[in-house]
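S.K.: What TrEMBL records for B:4-183 is domain 'Electron transfer flavoprotein alpha/beta-subunit N-terminal'. What TrEMBL lists as FAD binding site is B:Arg208, B:233-234, B:247-251, B:264-271, B:Asn285.
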Amino acid sequence: MSLRIVVTVKYVPDATGDRHFADDLTVDRDDVDGLLSELDEYAVEQALQISENSDDDVEVTVLTVGPEDAKDALRKALSMGADKAIHVEDDDLHGTDALGTSLVLAKAVEKAGYDLVISGMASTDGTMGVVPALLAERLGVPQVTLLSEVSVEGGTVKGRRDGDAASEQLEASLPAVVSVTDQSGEARYPSFKGIMAAKKKPVQSWDLSDLDLEAEEVGLEGAYTAVASASERPARTAGTIVKDEGEGGKQLAEFLAGQKFI
Amino acid sequence: MAEVLVYVDHVDGAVRKPTLELLTLARRIGSPVAVALGAGAADTAAVLGEHGAVKVLTHDASEYADYLVVPKVDALQAAVESVSPAAVLVPSSAEGKEIAARLALRIGSGIITDAIDIEAGDEGPVATQSVFAASFTTKSRVSKGIPVITVKPNSAAVEAAPADAAVEALAVSFSAQATGTKVTGRTPRESTGRPELTEAAIVVSGGRGVNGAENFAIIEALADSLGAAVGASRAAVDAGWYPHTNQVGQTGKSVSPQLYIASGISGAIQHRAGMQTSKTIVAINKDAEAPIFDLVDYGVVGDLFDVVPSLTEEIKTRKG
Ligand SMILES: Cc1cc2nc3c(=O)[nH]c(=O)nc-3n(C[C@H](O)[C@H](O)[C@H](O)COP(=O)(O)OP(=O)(O)OC[C@H]3O[C@@H](n4cnc5c(N)ncnc54)[C@H](O)[C@@H]3O)c2cc1C
Ligand SMILES: Nc1ncnc2c1ncn2[C@@H]1O[C@H](COP(=O)(O)O)[C@@H](O)[C@H]1O
């Protein structure tokens, strides 16, 4: 038996950088360093663990849709231990929204061939957390999302989803789309050997025509939403800061009473 | 007036507060028609009617509890097809966003997630969002199809607006995908007796500075003196001091209370992402340079083991 896992990873602007918008109100990707979304490292980690714990012949492919620099994200995932990578890159992808991204990802995983797709819980820039559900809808396969624990055995994926009201045990047959949370277990650091090995691993590049997609279906033109304005949140007016000299608790209570919280 | 579908988040018929907030927003753009699914669906009608729902579409079937997400998408799609609404509003929980996204894809519509406000606009509803860890505010609209918008808790006031909510049965036929992901076990979360984190008017959070699970009693005592919910930073959660369900931030809950009190929390960008839209922010931290102080309305530089208990005492005294 063999198991083909495709991990979807996003290249995002560093959250600790000064993120902002470009003139066309898309996320500015030039002024802030990019990296593999930390939340997708958890997806790569779970794919590698499933591979390591399996008696089957497992192949882990990492897939990204993004600009030229997004190769860095693939390289990092390969150095963690993934086997090969696919980069979907096309100028017409600029400004693609979540619906469009899920379309491109669906076409790409179908072309690549898959038994299991593993995604992160959300991208650290868009933070929508909807692409895995959209991907499952498009592929017509079960959605087993937001797992804090995941395992695959004999064509079945099982996992635990910690929801607001309850913690649920889920189960579905493969093929399926899974997403994992940052509670699923720390992601490994690439080893020196892993970094060297990654340089020799194959990275395939596909554009829209490789996926039988038209420019109008994606990008700003294909977007289903329009951003009318983006304004920087005004800095909060400087608050009062006191040093506790024994009266700090009382002073704070006084402030809270003044604001009618007590 | 055009109808606006509101997806009802309820537990066995008890409607959760964010749904009532959605009714307030829905009334700005049309007349609210609620969709309640699963056990107790019909019991939601009274409270929904008190808050402006003109109609409540209900459907109960074991599929809603036994399978993940898709049965609810099937039902909401059936509701869209029967009502032809001007918009669909869904509470912005993890599940709510997944339901909304799949619905949007099926009906050929755009989706906006995590709105913090909605107004009527010339070309359809305009949604306000807070992005990049709340450092930017954007206004967007759905440009294709029936707008599907998920709304964060605490985005609008709950308002009484009595309407006569006629209960109607919704006809639902489940899709082939509905039974794809089986729920094989469910452990309900134990109630702490404190308010729900995302819905609370006051949130009291502790971080690495709390330095131990047992010390969270100090944070809980302060929370209880104010009738508040308890939150925690990821550092405190990762250390095993407090449950992950209470984590505030990018990968935890996003809260927007009237008052947020952070103790022993430095204010990393990922933490700020979940609390920066709080109305009043207070911090207690022994490091005067901690970034959390850039956000505060009132900050105390000091040891939380001194300041927090004395604050709790003072509050109790004042409340009598
Ligand atoms: C992808 C990603 C997602 C993340 N998601 C989240 C998230 O959802 N939520 C979240 O919180 N973090 C999140 N983080 C982690 C975040 O970056 C920080 O590491 C975390 O918020 C730090 O928690 P802290 O402020 O409690 O700890 P620290 O940064 O260690 O700060 C502890 C503070 O306590 C103060 N202190 C210590 N002792 C005392 C005392 N006795 N009295 C008063 N003050 C004291 C110190 O001065 C210090 O400022 C995420 C990180 C990543 C990469
Ligand atoms: N451009 C992209 N390329 C590859 N994977 C993506 C992309 N965008 C989103 N994803 C995947 O979808 C998950 C959720 O993203 P989102 O819905 O944007 O928050 C991420 O954690 C990724 O696994």
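Cβ atoms here come from the backbone N, Cα and C positions, even for glycine.
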S.K.: Among the binding-site residues B:Arg208, B:His271, which residue has the largest number of other Cβ atoms within 10 Å of its own Cβ?
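M.R.: The residue with the densest Cβ neighbourhood is B:His271.
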S.K.: List the binding-site residues B:Gln247, B:Ile265, B:His271 whose Cβ sits under 6 Å from any atom of ligand 2, in sequence order.
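M.R.: The binding-site residues passing the 6 Å Cβ test: none.
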S.K.: Out of B:Arg208, B:Gln247, B:Gln250, B:Ile265, B:His271, which binding-site residues come under 8 Å of chain A, measuring Cβ to Cβ?
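M.R.: Of B:Arg208, B:Gln247, B:Gln250, B:Ile265, B:His271, the entries that lie near chain A are B:Gln250.
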S.K.: To what whole number does the mean pLDDT across the domain 'Electron transfer flavoprotein alpha/beta-subunit N-terminal' (B:4-183) round?
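M.R.: Per the prediction, mean pLDDT sits at 96 for the domain 'Electron transfer flavoprotein alpha/beta-subunit N-terminal' (B:4-183).
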S.K.: Including all protein chains displayed, how many Cβ atoms other than that of B:Ile265 (FAD binding site) lie within 10 Å of its Cβ?
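M.R.: I get 31 for this one.
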S.K.: Using a Cβ cut-off under 8 Å and a sequence separation of 6 or more, which residues in the same chain sit near B:Ala268 (FAD binding site)?
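M.R.: Long-range Cβ contacts: B:Ser233, B:Pro291.
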S.K.: Tell me the coarse DSSP state (helix, strand, coil) of B:His271 (FAD binding site).
M.R.: helix
S.K.: For B:Gln250 (FAD binding site), what residues in its own chain, 6 or more apart in sequence, show a Cβ-Cβ distance under 8 Å?
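M.R.: In sequence order, B:Ala133, B:Gln270, B:His271, B:Ala273, B:Gly274 meet the Cβ cut-off.
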